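Peer 1: Swiss-Prot lists 58-81, 68-86, 72-88 with the feature disulfide bond, giving experimental evidence as the kind of evidence. Here Swiss-Prot flags 55-94 as domain 'BetaSPN-type CS-alpha/beta'. Taken from Swiss-Prot, the feature signal peptide applies to 1-19, supported by experimental evidence.
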């Protein structure tokens, strides 16, 4: 039960950071205070950092909401998600 609650709280924090309601720096500070030094803290901080960099709704090379395509329409280019970043007219080289 405790593990499930911890995971649920962490996912909530990641959501708050990715939406921009709280700064990444503030969440990183909270993680530094609450988690012991080690692999768990480093993994949690890495996940928060990656999610905070989310741009135009891109997640794991998928344009979840179509924001990347809409963003690149202004340039008359195709919007392609590269991880969590949106790039206009730049195909993914490793596919």
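Start at 1 and count along the chain as shown; that gives each residue its number.
Cβ coordinates come from backbone N, Cα and C, glycine included.
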Peer 1: Residue 72 (disulfide bond): which of the disulfide-bonded residues 58, 81, 86 is the nearest Cα neighbour?
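Peer 2: Out of the listed candidates, the nearest Cα belongs to 86.
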Peer 1: How many other Cβ atoms sit within 10 Å of the Cβ of residue 88 (disulfide bond)?
Peer 2: 16
Peer 1: Tell me the Cβ contacts of residue 81 (disulfide bond) under 8 Å, same chain only and six or more apart in sequence, or just say none.
Peer 2: 56, 58, 59, 61, 62, 63, 68, 87
Peer 1: Taking DSSP states H, G and I as helix and E and B as strand, how many residues of the domain 'BetaSPN-type CS-alpha/beta' (55-94) are helix, strand and coil?
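Peer 2: Reading the DSSP string over the domain 'BetaSPN-type CS-alpha/beta' (55-94) gives 7 helix, 12 strand, 21 coil.
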Peer 1: Per residue, counting other C-beta atoms within 10 angstroms of the C-beta, which of the disulfide-bonded residues 58, 72 reaches the highest number?
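Peer 2: For the disulfide-bonded residues 58, 72, the Cβ with the most other Cβ atoms within 10 Å is 58.
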Peer 1: I'm checking region-level scores; what's the whole-number mean pLDDT for the domain 'BetaSPN-type CS-alpha/beta' (55-94)?
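Peer 2: Over the domain 'BetaSPN-type CS-alpha/beta' (55-94), the predicted model scores a mean pLDDT of 85.
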